[in-house]
Each structure stands twice: as C-alpha cells, then as structure tokens.
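Following: one structure in structure tokens, then a few remarks.
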Amino acid sequence: SSLLFLLQELTSALMHVKLHLFVQIFTLVFFPTAIWVFLQLLSITPINEWLLKGLQTVGCMPPPVSSAVILTKAVGGNEAAAIFNSAFGSFLGIVITPLLLLLFLGSSSSVPFTSIFSQLFMTVVVPLIIGQIVRRYIKDWLERKKPPFGAISSCVLLMIIYTTFCDTFANPNIDLDKFSLIIIVFIIFSVQMSFMFLTFLFSTRNNSSFTPADTVAIVFCSTHKSLTLGIPMLKIVFAGYEHLSLISVPLLIYHPAQILLGSLLVPTIKSWMVSRQK
C-alpha cells in the first residue's frame with residue numbers, strides 16, 4: 001500500500017510538470033530578463049549604479065528553500081509543489097545563477113568557471129549530501145529528541161544577514177547615498193508586488209489548469225529569492241570586488257521584504273483560496 005501511495009504521489013508530481021516549468025522559467029528566465037529591461041530605463045537616473053547591479057543579481061537568484069514553502073503551508077496551498085520547486089530551483093540555481101550573473105553583469109576578473117562551480121559545490125552541494133547521509137543513520141534519534149533545527153537555521157540566517165550588513169557598512173569607501181537606498185527599497189517592494197500579481201494573473205487565467213492551491217505555490221515560489229544561496233554565490237562570483245558590499249545590499253533588503261510582504265498577504269490569499277474552492 002505504501003508503494004501504491006508513493007506511485008500516486010509521484011504521478012501527481014509528474015502531472016504537475018506544467019506547474020514546475022512555469023515556476024522555473026519565471027524565476028530563472030523571465031525574472032532576470034524583466035529586471036534587466038527595467039534597469040536599462042533606471043540607468044539614466046542618478047541611482048547608485050552598484051545598487052542597480054545588485055538588483056540584477058537579485059533577479060538571477062534561485063528560489064529559497066524555506067520561505068516560499070512556509071508561506072504556502074500557512075495559506076494551505078499546494079505544499080508538495082512548493083517543496084519540489086524550491087529544492088529543484090536551488091539545485092538548478094547552483095549552475096544557472098553563476099551563468100546568469102556572468103551573462104548580465106560580467107565578472108570582476110576572469111573568474112574561471114571551474115573555480116566558481118567547485119567552490120559552490122563544496123559550500124552548498126557537499127554539505128547537503130553529507131546531511132542526507134547522516135540523517136539516514138540518526139533518523140530514529142532525531143525523531144525521539146526533535147532538536148530545534150528550525151530555530152537554529154533561523155539564527156544562522158540572521159547571522160548571515162548581520163555579518164553581510166557589517167561587511168557592507170564597515171567599508172570606509174562606501175559611497176551610499178540615502179536617496180539611492182530609499183529608492184531601491186521602494187523598487188524592491190514594487191517589483192515583488194507586481195511580480196506576485198503577474199504570476200497570480202497568469203496562473204488563474206480561464207484556460208490554465210492550475211487549482212487555487214497550485215496558484216498559491218506558484219505566487220510564492222516564482223517571486224521569492226534565496227539569500228542563503230545568494231550571498232555565498234555573490235562572494236564567489238565577485239570575489240575581491242571592492243563594490244561587493246554594495247552589490248549585496250538589494251538582496252539583503254529583498255529577503256526580509258519577501259517574508260514581510262508574504263506574511264501580510266497570507267490572510268487575503270487564504271480567503272481568496274477558500275472562496276474559490278467553495
């Protein structure tokens with residue numbers, strides 16, 4: 001019976017190929033391209049050019065592993081689809097994001113591809129594989145003890161945000177004007193709101209085969225960007241870059257903004273979904 005259940009789960013996941021394609025193409029193709037077009041218009045404004053480059057890096061990032069899933073679960077959307085797309089997007093991002101960064105921004109120096117991928121492999125993929133292997137052996141102990149991994153990962157994420165902020169503003173040469181910073185915060189919120197609205201419109205079209213629960217997963221997974229993968233990637237791709245700290249500012253703003261916006265929208269999206277399902 002468990003095998004039958006597994007087969008049902010797998011087939012339903014495969015039936016969702018359209019959903020997975022939508023999320024991944026939106027995140028890793030449409031999002032960075034749309035931001036690039038938008039930045040062509042913004043480049044004539046007096047906004048700090050390194051912050052604009054930082055906005056482009058946000059567009060190139062893969063989806064996060066946690067926030068989109070947590071928000072989808074909070075609304076009661078298609079959690080399985082959210083988990084799959086977050087995990088799959090992160091894996092794709094390990095290869096695609098550095099390529100996108102080099103395509104849209106070029107690199108500070110002639111960073112060889114092999115070194116970028118080997119460093120990412122060591123910092124992201126290897127710990128993940130080791131974790132999966134170790135988990136297999138200590139599964140029973142984990143279920144008995146239930147260590148507070150959620151709280152630990154949140155603390156680690158906070159530490160990453162905090163240390164990157166410190167790195168950014170400890171640089172004496174940083175010429176960050178308040179105008180640019182305020183405008184960037186405004187742009188980030190606007191981009192998030194409009195992309196959430198766009199994915200919502202696309203996934204609720206009359207001829208789309210997505211259920212309301214699918215739409216919830218699509219809206220969060222397509223518009224969220226990973227900070228935990230993003231910061232190491234930026235540090236590797238732009239190693240030794242004097243403007244690295246400025247480039248990472250938009251991502252540092254985007255991540256808390258997506259959680260804040262998502263949390264505020266949970267009751268609204270939930271009531272929409274319930275009314276649609278009725």
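In case you wondered, yes, glycine gets a Cβ from its N, Cα and C as well.
The transmembrane segment feature in TrEMBL is assigned to 21-44, 83-104, 116-137, 149-170, 182-203, 215-241, 247-269.
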Stretch with greatest number of CB pairs under 8 Å, the transmembrane segment (83-104) reference, 116-137, 149-170, 215-241 candidates: 215-241
With an 8 Å cut-off on Cβ pairs and a sequence gap of 6 or more, do the transmembrane segment (182-203) and the transmembrane segment (116-137) reach 3 or more such pairs? no
Which one, 116-137, 215-241, 247-269, has the most C-beta pairs under 8 Å toward the transmembrane segment (21-44)? 215-241
